[in-house]
Amino acid sequence: MRFGFLLNEVLTGFRRNVTMTIAMILTTAISVGLFGGGMLVVRLADSSRAIYLDRVESQVFLTEDVSANDSSCDTTACKALREKIETRSDVKAVRFLNRQQAYDDAIRKFPQFKDVAGKDSFPASFIVKLENPEQHKDFDTAMKGQPGVLDVLNQKELIDRLFAVLDGLSNAAFAVALVQAIGAILLIANMVQVAAYTRRTEIGIMRLVGASRWYTQLPFLVEAMLAATMGVGIAVAGLMVVRALFLENALNQFYQANLIAKVDYADILFITPWLLLLGVAMSGLTAYLTLRLYVRR
């Protein structure tokens, strides 16, 4: 097939179905943009989770008799417990926090509690950094019930709750993207049907003179995939605009405090090939199936 003929057929299809083509481009842009937003949230959650996991610590709270009578972990019970923790293969580092230090640390983090919280409210504890914070349950189970242990707290459970919100946001974006994708598929199918109908005479003549089915249907496939490519381009541009105008300003303080990972232009460029593949494959497959069902001769 000559490229000039193919280009002319594609441009003719666009001219005859301008409004439907624009609607398909915009619907594809919205669905692909939402899907890309969901992918960015997933990347944000994974990168931020890595930041927090590096900071995660298990805290082994000690009983009242140890907290009240041992400020430097010199007693036999405290030393034995510390040695038991340090000799574990899954432990990376251990530090002792006495009652006064625990109180000072709490007031530093939450100064509003200074007038209502007494020093006796905070037990002494061991702050333990694990080799793999993801596998904290084995450590927690081993520590509970040990002599001198009051309770065990792991920060990873709190982090999991935090990132459950991000997971919910990404799932919501994917769900809306799916609905929009269905709309885009219906528009593509409708556009291909209308384009084939408006050119039915030309197609019939071409078939009579021996043109293959593939020869007559390729312009419709290219038309749909080209429109989808435009939609993906708009979606990627939209993600960059959102990143520049919204995320950069709204999350700047969190970035500076290293509370969450930064969404960069490189992240958007990383997912762009996948978005392009998704958009072109969705449009091409839909157009092909529509032509197979609609144009049977």
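Positions of Cβ are set from backbone N, Cα and C atoms, glycine also.
Keep in mind that this is a model prediction, so the values were computed, not measured.
Note on the topological domain 'Cytoplasmic' (1-21): its mean pLDDT in the predicted model is 66. Per Swiss-Prot, the feature topological domain 'Cytoplasmic' maps to 1-21 (among others).
If you look at the transmembrane segment (22-42), the same-chain residues 6 or more away from its ends with a CB under 8 A from one of its CBs are 166, 169-171, 173-174, 176-178, 180-181, 183-184, 187-188, 191, 224, 227-228, 230-232, 234-236, 238-239, 242, 263, 267-268, 271, 274-275, 278-279, 282-283. According to Swiss-Prot, the feature transmembrane segment maps to 22-42 (among others), an assignment based on sequence analysis.
The topological domain 'Extracellular' annotation in Swiss-Prot covers 43-171 (among others), and the record cites sequence analysis as its basis.
Residues or ranges marked as transmembrane segment in Swiss-Prot: 172-192 (among others).
Here Swiss-Prot flags 193-219 (among others) as topological domain 'Cytoplasmic', drawing on sequence analysis.
Within its own chain, the transmembrane segment (220-240) is flanked in space by residues 6, 9-10, 13-14, 21, 24-30, 32-33, 36-37, 40, 184, 188, 191-192, 195-196, 265, 268, 272, 275-276, 278-280, 282-284, 286-288, 291, which lie at least six positions past its ends and keep a Cβ under 8 Å from the stretch. Annotated transmembrane segment per Swiss-Prot: 220-240 (among others), in sequence order.
As a summary of secondary structure, the topological domain 'Extracellular' (241-267) carries 18 helix, 0 strand, 9 coil according to DSSP. The topological domain 'Extracellular' annotation in Swiss-Prot covers 241-267 (among others), and the record cites sequence analysis as its basis.
Residues or ranges marked as transmembrane segment in Swiss-Prot (evidence: sequence analysis): 268-288 (among others).
Per Swiss-Prot, the feature topological domain 'Cytoplasmic' maps to 289-297 (among others); the stated evidence is sequence analysis.
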Review point. Near the topological domain 'Extracellular' (241-267), which residues from the same chain, at least 6 beyond its ends, have a CB less than 8 A from one of its CBs?
Key: 37, 40, 43-44, 47-48, 50-51
Review point. What are the DSSP helix, strand and coil residue counts for the topological domain 'Extracellular' (43-171)?
Key: 73 helix, 24 strand, 32 coil
